[in-house]
Each structure stands twice: as structure tokens, then as C-alpha cells.
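Visitor: As listed in TrEMBL for this protein:
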BINDING   HIS248, HIS298, HIS365, HIS555  Fe cation binding site
Amino acid sequence: MASLAFSASKSYSFLTKIRIGDGSYDCSKDEKSIFEKIKYSTRNKNKNLGLTIMTVATRPQPTVVSPSPEKFVGNDSKLAAWSSVRQERWQGELSVQGEIPLWLNGTYLRNGPGLWHIGDYGFRHLFDGYATLVRLHFENGRVMMGHRQIESEAYKAAKKNKKICYREFSEVPKPDNFLSYIGDLANLFSGASLTDNANTGVVKLADGRVVCLTETIKGSIVIDPNTLDTIGKFEYSDSLGGLIHSAHPIVTDTEFLTLLPDLIYPGYLVVRMEPGTNERKIIGRVGCRGGPSPGWVHSFPVTEHYVVVPEMPLRYCAQNLLKAEPTPLYKFEWHPESKGFVHVMCKASGKIVASVEVPLFVTFHFINAYEEKDEDGRVTAIIADCCEHNADTTILEKLRLRNLRSFSGEDVLPNARVGRFRIPMDGSPYGKLEAALEPDEHGRGMDMCSINPAYLGKKYRYAYACGAQRPCNFPNTLTKVDLFEKKAKNWYDEGSVPSEPFFVSRPGATEEDDGVVISMVSDKNGEGYALLLDGSTFEEIARAKFPYGLPYGLHGCWVPKA
Ligand SMILES: CC(=O)/C=C/C=C(C)/C=C/C1=C(C)CCCC1(C)C
Ligand SMILES: CC(/C=C/C=O)=C\C=C\C=O
Ligand SMILES: [Fe+2]
């Protein structure tokens, strides 16, 4: 689809606008005819798309230039992090330097976008890659490693047809002809053209099933944690519908909670699924206070009794979802005028107990949240921490592969901090957002976080994350943040990129940081290794070298030995 460009020669021109829900978008003549076809083809199927097509007089607008797609380019450095995985699968034992604690028995699984090209066509963005699962199995001081591609429909179709066949984060299949494009747009409304490339995270449900996830609901895929076989789609048996959800559900021994953004009537459904079932049930709904659509919810936090629903001014954009070319913020748009909000929903009743305006913010990842109480045990405020990018959306652009692959020594990673929201529970209309510690403690880099899972929703002291040693173009340290002392301890290996530090608690531990932190490192020689740090001292206790460097990965989970 053409990018938006209007003639500046007249002071007014006539423009077609489509309205979906509360949002309205400009479109060209060709696009208008496509929307008319969609409207007509869905009218008789009882689908209320809330689609209105209208013509309006408008002042000329500036041309919006889309980022250009790129050829498959190599790496400037030897770093394996930003190169596609070398082969479909591998498994074997790793040699260990140092000592793996004998209590560490189980499997760490890490998921991420590890294949960024098809033939000589290179993908644009980190989040576009086809999912690569990596497994580290710890037993009696030994480590077995394996990696394997997830057999999503999107991955299988790309391999078979030698081209992208589904809409990925920034990549869209090239239409063979105009008619198939009309088909694609119609498919977009039904979700058929969206990817099921489950490349973001992996979770172990309380009933033992292991599910890989992305932000499209259809991209929920069950895998075998031992063989890394793709078992099949995780089919939700309810009739909630919708196309997208948070990439980071909250998963505990008793429940699976997630948010379903509603793009038609801007808001979020908060849903819960019990172990052993595939049925999500609605806890409640939050209507957006800003517009034109819900804020992006990559993740959200919970406390013991509440679900915290962030409404970020970086909002989904229905128009960008429909475009064939990427826009500067991909499927999103920055709406500072719409403001930022945080809503608090009671888990038991589904009632909104607080809804406050907060300063503008940009975050992918919430770290944790908890209830602050007075002497009588009454909840006075909710504290919610996140990796906050100083309300600056440029981090999305920095995660383009060509930026990651071309580090020239300049310090180009935008600043980030532990953003701490304080949401009053006394009905006041505003919440606060401040840095929880001086960001220089962690080099002003902050993302890819974990905590001791026993402290989920509770007052906690430690967070593990990736920080920065500058100059850098990507978070390049592992950092342990002490939120009581407001200090951080940092691990750094020059030229290396470590992945999300994942905390595993020692059985029987009574201290919050008694355990190990697992990460996978891409080093400057193109090699890679699994790294184990002591959770308390944050010193290295062991490393296990991979046969070759692996691509960067995002999020993981722990599957304890049965
Ligand atoms: C890897 C990561 O962190 C995020 C991945 C996000 C994806 C794949 C989002 C995909 C989407 C579409 C393909 C269309 C609908 C919107 C959206 C959920 C952004
Ligand atoms: C890798 C990343 C941000 C790094 C910036 O500092 C974000 C990943 C988001 C998806 O899981
Ligand atoms: Fe994430």
C-alpha cells in the first residue's frame, strides 16, 4: 500500500477517511475501494467492524516517509547475536568451566527471534525473526544444550514458498497481484494473515504444558521441553475472539492471567485461565481513557489482589496494521496528547479500584508490582516497576537489525531507567512515575528483567536485568538492582551481548537472592556460552561453551526436574 502523501499545490484537497471504532484514518482511492469491498463482504456475515467510509476536505499534510526494506546484510562485528541461527537444530553436552551447583536440576528454556532471512531477503527488525528455542538442561553438575526452530505455520510456509507468507512484526508478504492483496486485507480482519511465529517467550503452565508465545493469539504454540518438538497450536476453547494479547501473561501455580486489547472499542479485557483448561474467563474490562486506540501492552504487572493495566501513549494503530510498508513506529503510534494512564482492577471482583493519569511513559517490560499498606493494613498505594525508556519511542527504531549490526563505537543506546509508578488508592486522579534508583548505577540501560518468582506481586528487593556499559548500541551488561539500597552490581565482558538474566531460586532458600542467574552470552569472537552467576554475590560461578554462537534470545522459563 502506498505511503501517505498528499499534493501541496492546493490549499484544500478532498480526502477519503475510514473510521474504525473511535479512530479515523486517511486513505487513497485504491485503499477506499478495498475498504468498500471489505465492508461489503463482511456486512452479511454479522460482523460489525464499525467501519465507516467518508470523504472530507482537508488541508495538505506533509509526506510521511516509511523506512525502506533492506537486503540481507552481514554483520560488521563477529557477534552471533544478530545473525540467523546456523542450522535448524543441534543438541549435545557442553563442557563446563567452574562448578554448576548440584541443586540446579531442571531445564532452562529460552525463546527468541533467531532466523532473520529467507533466501537473500533479510528481515528488517529484531522482532521479525522466526522463533529459535534454546534449551539448557542441568543435571548433577552437567549441562546439555539443544536448540531448534519452532514449526509455526508462518515458518513452515516461508520455508516452503521461499518468501514471507504472513504479517510479521514489521514485515508484510509482498502481494503477488492486486487481487491477492484485497484478499490479504480481508484476511487481516479475520486474523488469517497474521503471523503465528511464537518468537517472544515461553511459559510453563501449572498443568505442565509448555507454551511459546508472541503477541498474536494464534501464535500460542505448545512444545515438548525435552525434545523441543512443536506439539501443536494452543487452542483457546472460549469464544472471546480477538487477535492480539499481551506477550507476557502472568503464570503461577494457580492461574494464567492476560490482557486482550480491544481495538474496536478501545479498552482491555482482563482474563484468567485455570490450569488444565484452555478456557479464558473474563475477570473484567477496562475502557481506555485516551485514544484513539489502546496502548501497546507487551506486558503488565500484578499484585497479590490486583491486576495493573497500563495505558501507554504508544498506542496500537489500526491504520498501520493495514499498511504494507512499515511506518516509523511499525504497528503503533505515539499519542502524547492522549496522555498515559494506569488502571487497577480487583482480581476477585473485576472492579476498577483506581484509574490515574501518569506522566508519559514507554515500556516493554514491567518488573513487578506490590501493595503498599498503612499501619492498619489498608492498601494506600500500588507500586509498579518497569524498564522505562524515558517516554522516548526511538528504542523501537534502535532494534532494527541494520542498527544492531552496525555498531561504530558511538554511544547510541537511548537512556532507560527503572521507572517506578506510585498509584494512590485514595481516589486521587494522578499517579507518580520516578526512577527507582539513579540510572547511572546501571549505565542508563535497562531492559529484559526478571525477579525471584516467589516475590511476584509482593514487596521485593532485587531485580535482574540487562544494563549498559557505554558506549554501546544495545544493553551489554547484566545488572542486579537492589531497590532497597538503590545500588546495582554489574557484570560485563567487553564486546559481548548477554541475554535476559533469569533467576532460579535454590530449593529451601530463605533469602530473596539465594539462587543462580542464568544468561546466554554472544561474545566478540562470534562464540557463545551459557553463564551462571551467583544470585547473591553476582559473581560468575560457571560457564558452558556452545559449539557456535547463537542468535540473541528474548525470554525464558524454568522447568524443574519432575
Ligand atoms: C518479539 C516481540 O517482542 C514482539 C513481537 C511482536 C509481534 C510479532 C507483533 C505482531 C503484531 C502483528 C503481526 C499484527 C498485529 C499487531 C502486532 C501484535 C503488533
Ligand atoms: C530487547 C529489548 C529492548 C532493549 C532495550 O534496551 C526489548 C525486547 C522486547 C521484547 O521482548
Ligand atoms: Fe518481552
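Glycine residues also receive a Cβ, built from the backbone N, Cα and C atoms like all the rest.
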Visitor: When a 10 Å sphere is centred on the Cβ of HIS365 (Fe cation binding site), how many other Cβ atoms does it contain?
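Guide: HIS365 (Fe cation binding site) is surrounded by 22 other Cβ atoms within 10 Å.
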Visitor: Starting from the Cβ centroid of HIS248, HIS298, HIS365, HIS555, the recorded Fe cation site, name every other residue in that chain with its Cβ within 8 Å, sequence order please.
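Guide: Counting only non-site residues, the set is THR200, GLY201, SER246, ALA247, SER299, PHE364, PHE366, LEU554.
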Visitor: Counting only residues 6+ apart in the same chain, whose Cβ is under 8 Å from the Cβ of HIS248 (Fe cation binding site)?
Guide: THR200, GLY201, LEU213, HIS298, SER299, PHE300, HIS365, PHE366, HIS555
Visitor: Using a 10 Å cut-off on Cβ-Cβ distances across all protein chains shown, tell me which of the binding-site residues (HIS298, HIS555) has the largest neighbour count.
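Guide: Highest number of other Cβ atoms within 10 Å: HIS555.
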